[in-house]
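Shown next, in structure tokens, is the structure this report addresses.
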Amino acid sequence: MHLSEITHPKQLHNLSIHQLEEIARQIREKHLETVATSGGHLGPGLGVVELTLGLYQTLNLDRDKVIWDVGHQAYPHKIITGRYHNFHTLRQKDGIAGYLKRCESKFDHFGAGHASTSISAGLGMALARDMKGDNFKVVSIIGDGALTGGMALEAINHAGHLPKTNILVVLNDNEMSISPNVGAISRYLNKMRLSPPIQFLQDNLEEQFKQIPFVGETFTPEMEGLKGGMKRLAVSKVGAVIEELGFTYMGPVDGHNLEELITTFNQAHQIPGPVLVHVATTKGKGYPVAEEDKVSYHAQNPFNLATGKALPASKPKPPKYSKVFAHTLVKLAENNPKIIGITAAMATGTGLDKLHGKLPKQYIDVGIAEQHAVTLAAGLASEGMRPVVCIYSTFLQRAYDQIIHDVCIQKLPVFFCLDRAGIVGADGPTHQGMYDIAYLRCIPNMVVMAPKDEGELQRMVLTGIKHTDGAIAMRYPRGNGYGVPLMEEGWEAITIGKGEILRNGDDVLILGYGSMVYSAMQTAEILSEHGVAATVVNARFVKPLDTELILPLAQRIGQVVTMEEGCLMGGFGSAVTEALMDNNVLVPVLRLGVPDKLVDHAKPDESKADLGLTPSQMAERILQSFKPRLSTINV
């Protein structure tokens with residue numbers, strides 16, 4: 001059977017080990033070809049091919065439920081659940097999503113993009129099953145660092161207290177998240193990987209006793225106590241913590257041995273209550289360069305499959321925002337030992353690996369633990385340090401209570417640097433950084449700013465470090481800057497709450513925020529071709545808003561447009577409208593941004609076009625919205 005013939009996972013049930021191994025080879029081939037062409041996550045999926053095949057041969061996925069943690073591990077799952085023939089559209093507009101989506105397939109039982117959610121979701125399904133009197137298996141597959149997340153441990157704590165609730169947790173232990181795992185849990189798992197399988201000891205103990213001359217022949221049920229005692233001794237050295245939490249522990253199992261995996265999963269399904277199967281895998285399995293460099297090949301842009309090297313750019317590009325941020329932070333930290341960079345398992349993505357390389361004592365990786373990262377920063381700030389929490393906008397959502405309760409109520413000077421703010425592209429709705437403006441600006445003792453380009457970002461990094469009167473957040477987009485000149489040092493801090501005028505005009509006032517400022521300038525240029533003269537303001541701050549600048553301009557010009565790469569509800573445009581109303585400046589306002597909808601995966605430019613946020617589209621909206629007031633304009 002060829003992989004292309006598999007349209008339903010039940011077709012795996014009658015395949016031999018040899019046939020499954022051939023399917024595994026073909027899955028890796030398809031996985032590699034697709035990611036090399038379109039980009040995407042590489043190492044995680046390559047590491048779970050046999051795990052997926054072995055597990056699915058023991059399940060009926062028309063009935064049984066499988067919940068994949070994080071989601072980017074699930075490429076093999078997608079390939080064998082009816083998506084082989086359109087897998088080439090991975091992460092492309094209107095194509096296969098890079099993460100799990102319930103609306104994409106009936107086999108995507110629970111959506112996932114963020115880490116550590118699978119056990120909670122699986123336990124909820126198992127409890128619902130029991131309440132309804134149904135009978136199906138529930139399997140939560142967690143790994144790629146997700147077990148370091150507090151939510152996963154909370155779910156284990158709860159599940160272990162429910163001995164009659166059947167749930168199987170499969171730990172995909174590849175020793176990694178995006179970067180190598182950190183912390184005591186990771187160290188404990190590494191010890192477990194080196195130990196013999198507990199279930200093997202338990203299952204073979206009786207047989208070994210029977211082979212002992214004389215003694216073996218008299219093996220009786222009374223000797224079960226000895227058998228149990230030996231099992232407890234083994235567990236005490238390996239899975240003691242898991243067993244003490246109420247789970248039956250099995251493993252470690254070779255995650256690339258199909259026969260061993262199938263046997264183990266079949267055994268696990270027969271054990272009542274919560275069961276954890278510990279599977280040891282190799283991230284990037286089957287592609288040597290990915291096995292050797294697990295960090296770089298966690299995810300890749302399109303690359304040369306033969307060499308593993310990135311495809312050359314058509315022309316040189318300006319540095320990425322994250323690179324400029326990291327370089328600036330390192331320069332400042334070299335002269336200020338109080339600066340401490342904090343990441344939640346995203347050192348490479350945020351650029352903090354550069355700080356780790358230069359100043360390891362001023363760097364902390366807490367693992368996938370955003371809540372802990374924020375309160376840790378609060379503790380550091382309370383002792384006079386200058387903590388810088390470097391985190392993707394979408395992941396800071398997970399620590400919202402800590403921002404309010406532990407940082408802002410106590411007015412502690414924590415600097416939040418929000419990478420991937422705005423439209424992120426191919427990662428889709430789970431990773432869009434749409435909401436930070438709205439969820440941060442409503443908190444007292446919080447300053448919120450955004451640079452118009454990479455040069456202003458350098459100044460804002462200094463501004464954030466120097467700000468000690470409460471918390472401050474800086475949002476900046478994914479991708480490359482505009483190529484503006486950068487300084488190695490000597491940056492000037494920006495006065496808190498002060499914007500700047502970039503262009504003057506009397507017909508319409510355009511207020512751009514962050515990544516939309518250059519688009520505002522381009523829009524103004526298009527408007528000028530229609531005879532409309534626009535004033536363009538780089539707002540810089542959404543909180544505090546520069547009302548001293550904005551209110552007189554709005555009053556004089558009489559027509560206001562706001563532009564933001566974030567949600568309109570509660571966003572920058574809302575802040576401007578509130579300020580105008582509160583100060584009795586009653587002028588029409590056109591807010592341009594992301595409406596009340598989820599933004600699916602696509603290239604950022606494609607998403608902006610879908611949302612009407614290209615300069616030409618915004619110019620047209622302005623002309624149409626203010627047409628009665630611009631009656632002399634040739635629209």
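Keep in mind that glycine also has a Cβ here, set from the backbone N, Cα and C atoms.
Residues or ranges marked as thiamine diphosphate binding site in Swiss-Prot (evidence: sequence analysis): His72, Gly113, His114, Ala115, Gly145, Ala146, Asn174, Tyr287, Glu370. According to Swiss-Prot, the Mg(2+) binding site annotation covers Asp144, Asn174, on the basis of sequence analysis.
For the binding site of thiamine diphosphate, formed by His72, Gly113, His114, Ala115, Gly145, Ala146, Asn174, Tyr287, Glu370 according to the record, the largest Cα to Cα distance is 32 Å, rounded to a whole number.
Taken residue by residue with DSSP, Glu370 (thiamine diphosphate binding site) is part of a helix. The Cβ of Asn174 (thiamine diphosphate binding site) has 24 neighbouring Cβ atoms from other residues within 10 Å, across all protein chains displayed.
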